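Annotation comment: TrEMBL describes 165-370 as domain 'Fatty acid desaturase'. Annotation source TrEMBL lists transmembrane segment at 23-39, 44-61, 95-114, 135-156, 162-182, 271-297.
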Amino acid sequence: MDWWALRDYPRPDPGMARLCPRLWQAWVVGLIAGSMFLLEYDIWVYAGFVAALFLATALIPDSGDSPSPYFMHLAIPFFAVKGVHEGGGWTAISFYWAFFFLPLADFVVGVDTFNKRDAEYKVLRERKWFRIASWIFLPAQLALLAYGCHAVNTIPLTPLEFFGFVVSVAVYTGGIGITLSHELVHKSNRIEQWLGRAMCVMISYGHFYVEHNRGHHKLVATDEDPATARFGESFYSFLPRCVVGSFASAWRLETDRLRDRNLPFYHNEMLWYWVASSCLCALLTAMFGPLTIPLFVGQSLIGIFFFESVNYVEHYGLERKRDEQGRTEPVGFEHSWDAPHRLTNMVLFKLQRHGDHHVNSTRRYQTLRAEPSRSPQLPLGYPGCILLALFPPLWRAVMDKRVLKLRSNNHPGRAWRHGPPS
């Protein structure tokens, strides 16, 4: 496989597998405690400590049994806190961590593609601490948002420092927040669904719940899906088409639901998501001051930007076939790009095992399978690919040849809606 990584981890032997949970528990406690208690130290000491802890994961085997790595997100808000107090370019510290450090760390830490046995996954699925790792994100998200509102109203910041801090907040509230919302809104448990919706409300993107479940999963890899990037389409062309199209799709889905059930307009979920986001912004403004408004709006817009950049990467150039009767083939593993990079799969709750998610959308993140023989593979984890996508010539130089090779190998002679025939 053409992954940009130094190593592919094998399944740990049974003796080491029993030790893994202890090692990961010690690691995550050290990361969170260090991120919090080293805030008063020099920024280079702080950044060096964080970098060393993340790179140290290359030395810890992962059997997939430990929920501890998925609590690492609790350290990330402290990066933004450190950055805003340091000032200058450091206000964007979370951006540097996500889009420069993580791709490099992915290369060093490597990939893992082994799966557990089905019986082991059945046990893993029921383990509560994996769920708690996702549930606890909402209070952490709210705490960072509240702290951010306090900070911008009390700490003198230049416009560039303000923008950098907003980006750092959005890395957590949007970049990781919608990832976890995405995990929870697929679950049948109503409490988890509401947690997922609340995470979206905090970045003013509540309609994601409507469109993603009822639109994207049905239409992925077709021209009717606004969240599928077409072959040759740049991210900057995709972004407005996706944002506007997803909103229009969600509105259409809701109006159809109200009509079919003969419900009045105020049952439209999207209206209540707008109300909830507006009320949250108003409440935070009343509590902390007027600069809350640009912070709240800014982290929402940038969070949406981060999220839709993930959508761009996940399905770029992939198409489902239509037969002569206009029927579309079922969604398969081949309609999503996977990335087996171990570190970012921990940061993003295995979102990068995306093919399995689309085929088995209710599976919990800890039970998603790696399918390198069936899902097309990205050379980098999602953060690294997003960075490439921001520079369309680089993105196309890396990805177009992969799409064309995939098409010629799997479907020789087929005509495609976008791009040359294979």
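Using N, Cα and C of the backbone, Cβ positions are placed for all residues, glycine too.
Where the annotation comes from TrEMBL, it is an automatic prediction and has not been curated.
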Recorded stretches the transmembrane segment (95-114) and the transmembrane segment (44-61) touching, at least 3 CB pairs under 8 Å: yes
Overall pLDDT for the domain 'Fatty acid desaturase' (165-370), taken as the rounded mean: 95
Distant-in-sequence neighbours of the transmembrane segment (23-39), which means Cβ under 8 A and at least six residues beyond its ends: 45-46, 49-50, 53-54, 56-57, 60-62, 66, 68-69, 71-72, 74-76, 78-79, 81-82, 85
Outside the transmembrane segment (271-297), six or more residues from its ends: residues with CB under 8 Å to it: 145-146, 148-150, 152-153, 162, 165-166, 169, 197, 200-202, 204, 206-207, 209, 265
